[in-house]
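One structure is given here, and the rest of the page talks about it.
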Amino acid sequence: MGLLDKLSGWLGLKKKEVNVLCLGLDNSGKTTIINQLKPANAQAQDIVPTIGFNIEKFKNSSLSFTVFDMSGQSRYRNLWEHYYKESHAIIFVIDSGDKLRMVVAKEELDTLLSHEDIRGRKMPVLFYANKMDLRDAVSSVKVSQMLCLENIRDKPWHICASNAIRGEGLQEGLDWLQEQIAQ
Amino acid sequence: MSESSGNGGKWLDAHYDPVAGLFTFSPCVDLADLSGDGESRLVVGDLGSGSTGMKLKVFRGTALLSESTLLDLPAGLVAFFMDLHEPRIPAVAVASGPCVYVYKNLRPYFKFTLPGLEVNSLEQDVWQQAREGQIDPLTLKEMLESIRKKADVPLSMRSLRFLSLETDDMDDFVQLHKQQPIRRQTVITCIGTLKKSTADDDGVSCLVIGTESSDVYVLDPEAFVILSKMSLPAAPTMMDVTGQFDVEFRITVACRDGNIYVLRRELDKPKYCIKLSSHPVGLVRVGKNVMVGCTDESLQGFTQKGKKLWRTVLAAPITTMAAMDLPTRGFQAVLVGLANCEVQLYRDKNLLSTIKTPDVVTSICFGRYGREDGTLIMTTKGGGLMVKILKRTAVFDDRDGAPGPPLAQSVRLNVPKKTKLYVDQTLRERENGLAMHRAFQMDLSRMRLTAAKAYVKALESSLAPVSSSISEPLKMNAVVQGLGPSFKLTLNVQNTAACRPATNLAISFLYDEGLYRMRNPYMRIPLLVPGLVYPVETSVECTSDKGISDIIKVFVLHEGRSCPLLTAHINMPVSEGEMLN
């Protein structure tokens with residue numbers, strides 16, 4: 001079995017499995033982003049607030065993603081840390097239109113990055129500055145300033161502006177993530 | 001980070017705009033989901049400059065969403081559900097002057113005016129005469145003055161205004177107003193909401209209005225008719241309402257006479273009265289208890305029946321108070337804004353945390369703002385708006401900071417059971433108490449006698465190191481230095497007389513010659529000036545190597561007298577040098 005697995009891996013037949021954790025505050029658009037990344041025929045029409053978490057699987061050209069779409073509501077945020085250990089990458093979604101709760105997003109991010117299961121690991125973190133279509137949305141540069149992303153030195157990170165409803169900017173981030181995991 | 005701003009690490013600084021231009025106080029601030037999208041908005045009745053610029057402002061996040069002009073100064077503002085229509089969007093009621101303005105979807109919807117009060121009939125007659133031209137303004141003024149002094153029913157606003165006018169303006173005023181009928185109108189001092197029949201969060205609520213005429217009205221939310229009227233002994237200033245109108249309710253009202261009254265259903269007079277030592281400035285209900293902040297810088301807790309539970313003293317005068325209720329965590333406390341730029345959080349009498357603010361806080365509102373449940377909104381004296389969000393991980397530990405008996409005092413000691421011996425002894429003591437006491441007293445007297453005898457003997461033979469003789473009062477102490485075999489002996493001699501010097505004194509030593517050798521066992525002491533300490537030094541050598549020690553006696557003698565003035569016994573230490581050799 002082991003030999004066969006390796007062989008298929010060399011030949012590129014079997015895709016590498018990657019666990020990705022999708023985090024962010026409630027109403028930031030995590031489920032919408034994951035929904036957009038799924039194949040068109042599997043996409044859901046209505047997005048409702050996630051309770052607990054959802055597991056979604058989809059495939060890319062070379063990788064097979066298993067995404068843990070966590071609920072962002074404050075009462076479920078303590079579930080996040082139970083999935084840090086098994087995950088290989090993190091997608092952190094920010095509502096660019098919610099300036100008031102940027103401090104809450106920063107607080108959750110700081111807690112996340114200082115967690116013992118995350119701290120020492122060199123796992124890629126992808127930030128989506130979501131809801132760019134809103135009139136009062138701040139730019140992705142401003143978001144990275146407000147979250148003090150320049151202080152993250154031990155992990156590769158990338159921020160991209162997105163509009164999850166129309167799917168804009170999502171693929172760019174996913175390409176970066178794929179590149180990082182392949183390394 | 002937030003720790004440095006004095007939040008105790010429990011609050012996130014979400015927003016601070018020091019120049020938001022928001023001048024208001026706690027009754028004029030409320031949070032409500034005004035659009036039905038699950039995001040709460042901040043509704044503020046802005047007092048403006050106090051005479052102009054009164055506005056109803058609505059904030060969403062950090063931005064001002066809308067503002068509309070108010071006609072008069074707002075006395076209070078509440079958001080409430082007035083109907084059962086979907087989507088569930090609350091209306092906003094603004095109390096100002098004698099009216100309640102109700103806004104739906106931020107548009108004026110209804111205006112309720114309080115019923116007029118009874119008018120003094122004498123006053124009415126006088127104005128009637130003025131209208132018919134029977135009396136001139138000066139006579140009118142005189143008559144109104146006399147009515148004002150005597151009558152039970154106060155004068156109307158118009159008459160009071162007339163009395164305050166200069167003589168020149170009176171004529172015009174009478175001409176202008178004499179045709180209108182006289183009305184006496186009261187004003188609203190405070191407003192609250194009371195659920196109609198269900199305790200649901202989005203249940204239909206009645207408005208509860210306190211007026212300057214010392215009445216409390218409950219209004220029907222749909223028809224705006226008065227459902228109930230209750231009267232108080234004084235004008236209400238603050239109130240807290242709980243319960244449901246159709247079931248049972250309780251209105252706690254702080255009044256201008258410095259008392260707090262509790263109104264109940266089906267009673268038009270207060271059921272309970274809490275008499276305070278000083279005037280209340282804040283009234284908050286936490287659970288079933290009422291917390292009152294007073295002008296004497298104290299915070300007091302009462303049960304809902306008016307029993308005083310506790311009182312705690314604050315560091316500065318109170319500016320405002322608000323309840324902090326987090327139902328998801330089952331946490332209830334009270335936030336107290338102080339004049340020394342602090343906001344303190346109290347659970348009962350225990351101070352849980354302190355927030356330092358850059359300016360004095362004038363209004364506090366805690367609740368769901370935007371999508372965040374634990375949001376604290378404060379406005380400052382300088383018109384600033386401050387938003388803080390409670391951290392998800394924040395824990396308030398309920399340590400009792402108040403001074404009192406320590407915890408260890410209330411721990412029960414493990415006292416062993418009474419033994420038979422103990423019981424026997426107790427019985428014996430009880431039966432022979434008198435004899436035991438006598439025996440004790442006799443022994444005590446004997447001991448005192450023995451001690452006194454020994455003392456007299458010591459004085460007679462000058463054995464004491466202090467001489468109290470009138471001619472030569474002296475004091476001496478001796479110090480032995482060294483490990484041995486040679487010791488240094490220092491005798492500090494002091495003349496304790498007031499002014500007479502002591503002369504012709506000498507020191508002599510008495511010791512075992514087989515043990516010690518002394519350089520000069522007899523020394524003359526120079527003249528002793530009163531008060532000074534004279535050290536007299538000599539050296540002693542121990543000649544024995546057996547490791548034993550003895551007493552050296554020191555005598556202070558007066559020339560020509562055989563009896564020593566004083567005696568000191570020096571316990572010599574064992575010579576260690578000899579032993580080591």
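Even glycines carry a Cβ here, placed using N, Cα and C.
Annotation comment: TrEMBL describes A:G24, A:L25, A:D26, A:N27, A:S28, A:G29, A:K30, A:T31, A:G72, A:N130, A:K131, A:M132, A:D133 as GTP binding site. Cβ neighbours within 10 Å of A:G72 (GTP binding site), excluding its own Cβ and spanning all shown chains: 25.
Secondary structure from DSSP puts A:T50 (Mg(2+) binding site) in coil. In the structure as shown, the Cβ atom of A:T50 (Mg(2+) binding site) sits within 10 Å of 18 other Cβ atoms. The Mg(2+) binding site annotation in TrEMBL covers A:T31, A:T50.
Taking every protein chain shown into account, A:K30, A:K131 are the binding-site residues, and of these the Cβ with the most other Cβ atoms within 10 Å belongs to A:K30.
Ranking the binding-site residues A:D26, A:D133 by C-beta neighbours within 10 Å puts A:D26 at the top. Taking the Cβ of A:S28 (GTP binding site) as reference, residues of its chain lying under 8 Å away and at least six apart in sequence are, in sequence order, A:G72, A:V93, A:I94, A:D95, A:D98, A:A105, A:N130, A:K131. The record assigns A:G24, A:L25, A:D26, A:N27, A:S28, A:G29, A:K30, A:T31, A:G72, A:N130, A:K131, A:M132, A:D133 to the GTP binding site, and the maximum Cα to Cα distance across that set is 21 Å. Counted within 10 Å of its Cβ, the other Cβ atoms near A:T31 (Mg(2+) binding site) come to 22, all protein chains included.
Between the C-alpha atoms of A:D133 (GTP binding site) and A:T31 (Mg(2+) binding site), the distance comes to 17 Å.
Filtering the binding-site residues A:G24, A:D26, A:S28, A:K30, A:T31 for a Cβ under 8 angstroms from any Cβ of chain B leaves A:D26, in order along the sequence. In this structure, the CA atom of A:K30 (GTP binding site) is 9 Å away from the CA atom of A:T50 (Mg(2+) binding site).
For A:G24 (GTP binding site), applying a Cβ distance below 8 Å and a minimum sequence separation of six or more within one chain yields A:K30, A:G72, A:F92, A:V93, A:I94, A:D95, A:A105, A:Y128, A:N130.
Note: the Cα of A:D26 (GTP binding site) and the Cα of A:T50 (Mg(2+) binding site) are spaced 9 Å from each other.
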